[in-house]
Structure formats: structure tokens, C-alpha cells
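Annotated features, as they stand in Swiss-Prot:
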type    : residues              : note
BINDING : His61, Asp80, Glu199  : divalent metal cation 1 binding site
BINDING : His62, His195, Glu199 : divalent metal cation 2 binding site
Amino acid sequence: MITIRIDSLIELMDRVAPPELALPGDRIGYHGPEIEVEAVLVLMDYLEDVAVDGYDLLVLHHPPEVEPPIPYLTVHSNWDVADGGACDALADALGLDVESFLDPDTGVDRICRADLSLEELLERTGVLNPETLRVVNPREYVDRVAVVSGFGLSDKSLIMRAWSEGVSAYLSGDLTHGPAILGRNMDLTLIDAGHHATEMPGLHRLREVIEDFGVMAELLDTGTPWSEYRAAYI
């Protein structure tokens, strides 16, 4: 493993996740002074109880809600969109072949060939270790699946695009009541595997990319930011 100047590391990262791919208003980029980087910690979210001793740099997927104590680089929607980035990592983890996009203007999604029973597709989500799976409009067979890393089921416009593109199922996270009703009325199968679970393949790949640069990188999975309680406790 090597030691690298932060500006050189940023230049390498910009090649795999170009900043111009980021969605408008996304708070990506480097925050910190000029440093030498020997050890990197990759996180989905920075939490104040995360031990950062021994690391020179945090590489974060989500922009932090509180300021970390050491320099950090946020790689968010530009990594979701990038060729080989988070959305492609999700499709690869599920064993799906990418064929096109729901939203070619942003590239924040992937449409994949499937030719699977719904049960087979749900079994494949086991590699994501989802806390739960929520399914709207179960069907026996799916031939084309749209996937979005993280937030996709909260976006009604993407659900509308999935329906208009004729996909049989749309898999992502962050499903809420309104989008679920929209999908149900459209007879579109929605599969909510969770924001965290659908983003983890992209985080593993991000760590691998940094190590491919020759820099020591570790990934810490901080999990979902809540605990689930069943009705028996209410």
C-alpha cells in the first residue's frame, strides 16, 4: 500500500465518479487541508461514535449531518450514476444484466434483464442482507427489473418512468405510502429492500476502487440508523 497526496487521490476518484455526474445541489467533494493519505475509512454515514483514530481520510457516501473530526471526501450521486458505480454494483450483486436507463438524463438508475420468477428475484436479495422486504403487487414472473441504489422508491417520477418503460418490477429502497399507492394503481411490482441494503454493494465496490489505487481502505458498515420494534411492544 502507498501514501498519496490528497489532490492526487481526488484526481483518481474524479475519474471513476466524475463530479459533473452529481445531481443538482448534492454536497459532494473534499473538505479538509492538503494532506498525505495512507489509510482511508469508507462509510455510508458518519456517526459521532465511529472511531476514526488511525485513518487519514473518511470517504463518505452520504454528506455528513455533523462535521467529522478528520478530513473527508463525499462521493454520493456521482457514484450512484457512474459507470461501474453504485447502481451497477447493485445490479451485479443481484445477478442482473443492465440493458438501459429509466432516466437517461441523470443515469441514476438501471433497467435490467431478468427472466425470473418473483420468488427467485426475492431470494437473490438475500445477498443484500435486507432487514425486511416489502412488496407491492406481487406477480409470478418478472422479465425486466429497474434498480436504483438507495432512495429510488421515494421518487414518484421514477415509478412513473418504470411503468412507462414497461418494466415488471422496480427494486430499491425508501418506499413510502404515496409511492406505494401509485405503484399499486399502476399494477407495477415494487420491491423495497431498504436504503441501506441496496447501497451496500456500491460501498464495497468503492472500497475496492480505492484499494486498486494502492491505498489501504477499510469499510465500516454502521447499519441502519434505527431499531425496529414489533407490534407486541406497542
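Cβ coordinates come from backbone N, Cα and C, glycine included.
This view paints the features noted in Swiss-Prot onto the structure.
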residue: His61; record: divalent metal cation 1 binding site; Cβ contacts under 8 Å, 6 or more apart: Leu43, Met44, Asp45, Thr74, Val75, His76, Trp79, Ala86, Glu199, Gly202, Leu203, Leu206
residue: His62; record: divalent metal cation 2 binding site; Cβ contacts under 8 Å, 6 or more apart: Met44, Asp45, Thr74, His76
residue: Asp80; record: divalent metal cation 1 binding site; Cβ contacts under 8 Å, 6 or more apart: Ala86, Cys87, Val108, Val148, Ser149, Gly150, Gly202
residue: His195; record: divalent metal cation 2 binding site; Cβ contacts under 8 Å, 6 or more apart: Gly150, Phe151, Gly173, Asp174, Thr224
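Report note: the divalent metal cation 2 site is defined by His62, His195, Glu199, and the residues of the same chain whose CB lies within 8 Å of the CB centroid of those residues, excluding them, are Met44, Asp45, His61, Ser149, Gly150, Phe151, Gly173, His196, Thr198. Under the DSSP three-state reduction, Glu199 (divalent metal cation 1 binding site) is assigned to helix.
Highlighted in sequence order, Met44, His62, His76, Ser77, Trp79, Ala86, Ser149, Gly150, Gly202, Leu203 have their Cβ within 8 Å of the centre of the Cβ atoms of His61, Asp80, Glu199, the residues recorded for divalent metal cation 1, and are not part of that set. Counting every protein chain shown, 27 other Cβ atoms lie within 10 Å of the Cβ of Glu199 (divalent metal cation 1 binding site). Asp80 (divalent metal cation 1 binding site) falls within a helical segment according to DSSP.
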